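S.K.: Below you will find the structure I want to go over with you.
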Amino acid sequence: MWRLLSPTALLLLVSAGTRAADLSKAMVVLEPEWNRVLVSDGVILKCEGAYPPGDNSAQWWHNGSVIPHRAPSYSIEAARSEDSGEYKCQTGLSEASDPVQLEVHTGWLLLQAPRWVFQEGDTIQLRCHSWKNKTVQKVQYFQDGRGKMFFHKNSDFYIPKATSKHSGSYFCRGLIGNKNESSEAVNITVQGPPVPSTSTFLPHWYQIAFFLVTALLFVVDTGLHVAVQRDLQSSVKEWKDGKVTWSHGP
């Protein structure tokens, strides 16, 4: 089958396969990294992905509807409840990103974390965020209703190496002025170590190497085929011309 394809055609196939391997998903990145914010908080969403030379525009979606905004970042200066929902983006050289959920809450305190599902051994960071960054004192973090950490001044709570026992419902409490305020409870899940997937053993560079090796083998095979045919044609011509000399053993 390979001999039916010209080198140009094979190179086109290799190029197409390489481009397909190169086409990756864009990614929405939140700054700050919290996906739960309070009303009036500022949020910047950035679209990370491959951009064509000279074109850094991006397409944005909010809850499935196109946002009339083409910049690589999308800013929400003062979040409102209607800003909640799923956000997606796409660059000129990438597939559409997976959706990222943004939740806009009302209240005095809000528990924040970079994510809510962790692997065993991960560091868990919890933040007791106040509306308009008002001063909070005597902050306490709770897991399943039990106090886990207390700070006289508002500070983040870190769990260095998460285990399954750290899964549960968390909230924070603190004093704003002379009022004792509490955040809503949020569930945190700690999963076991991830199982290696097949894709782990077939990284992106492996796919490119596969196409290159295939092309190289084709070139070698084609060269041998041409050389053998040329030698056979030469031998047949010499035989017809009577130039072949037979040697007999002693």
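In case you wondered, yes, glycine gets a Cβ from its N, Cα and C as well.
So Swiss-Prot says this about it:
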type: SIGNAL; residues: 1-20; note: signal peptide
type: TOPO_DOM; residues: 21-207; note: topological domain 'Extracellular'
type: DOMAIN; residues: 32-105; note: domain 'Ig-like C2-type 1'
type: DISULFID; residues: CYS47-CYS89; note: disulfide bond
type: CARBOHYD; residues: ASN63; note: N-linked glycosylation site
type: DOMAIN; residues: 120-189; note: domain 'Ig-like C2-type 2'
type: DISULFID; residues: CYS128-CYS172; note: disulfide bond
type: CARBOHYD; residues: ASN133; note: N-linked glycosylation site
type: CARBOHYD; residues: ASN180; note: N-linked glycosylation site
type: CARBOHYD; residues: ASN187; note: N-linked glycosylation site
type: TRANSMEM; residues: 208-228; note: transmembrane segment
type: SITE; residues: ASP221; note: site 'Important for receptor turnover'
type: TOPO_DOM; residues: 229-250; note: topological domain 'Cytoplasmic'
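On this model, are these features tucked inside or out on the surface, and what's nearby?
M.R.: The DSSP breakdown of the domain 'Ig-like C2-type 1' (32-105) into helical (H, G, I), extended (E, B) and coil residues amounts to 3 helix, 35 strand, 36 coil.
Within the same chain, residues at least six positions away from ASN63 (N-linked glycosylation site) with a Cβ under 8 Å of its Cβ are GLY85, GLU86.
Within its own chain, CYS128 (disulfide bond) has LEU109, LEU110, LEU111, GLN112, VAL136, VAL139, TYR141, ASN154, ASP156, PHE157, CYS172, GLY174, SER183 as residues 6 or more apart in sequence whose C-beta sits under 8 angstroms from its own. Secondary structure from DSSP puts CYS128 (disulfide bond) in a beta strand.
The 10 Å shell around the Cβ of ASN133 (N-linked glycosylation site) contains 11 further Cβ atoms across the protein chains shown.
ASN180 (N-linked glycosylation site) carries a strand DSSP state (E or B). Counting only residues at least six positions away in the same chain, the Cβ atoms of ARG173, GLY174 sit under 8 Å from the Cβ of ASN180 (N-linked glycosylation site).
ASN187 (N-linked glycosylation site) falls within a strand segment according to DSSP. Sequence-distant neighbours of ASN187 (N-linked glycosylation site) (same chain, 6+ residues apart, CB-CB distance under 8 A): TRP116, SER167, GLY168, SER169, TYR170.
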S.K.: When DSSP is mapped onto helix/strand/coil, what comes out for CYS172 (disulfide bond)?
M.R.: strand
S.K.: Rounded to a whole angstrom, what is the C-alpha distance between ASN133 (N-linked glycosylation site) and CYS47 (disulfide bond)?
M.R.: 27
S.K.: Fewest other C-beta atoms within 10 angstroms of its own C-beta: which of the disulfide-bonded residues CYS47, CYS89, CYS172 fits that?
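M.R.: Counting other Cβ atoms within 10 Å of each of the disulfide-bonded residues CYS47, CYS89, CYS172, the minimum falls on CYS47.
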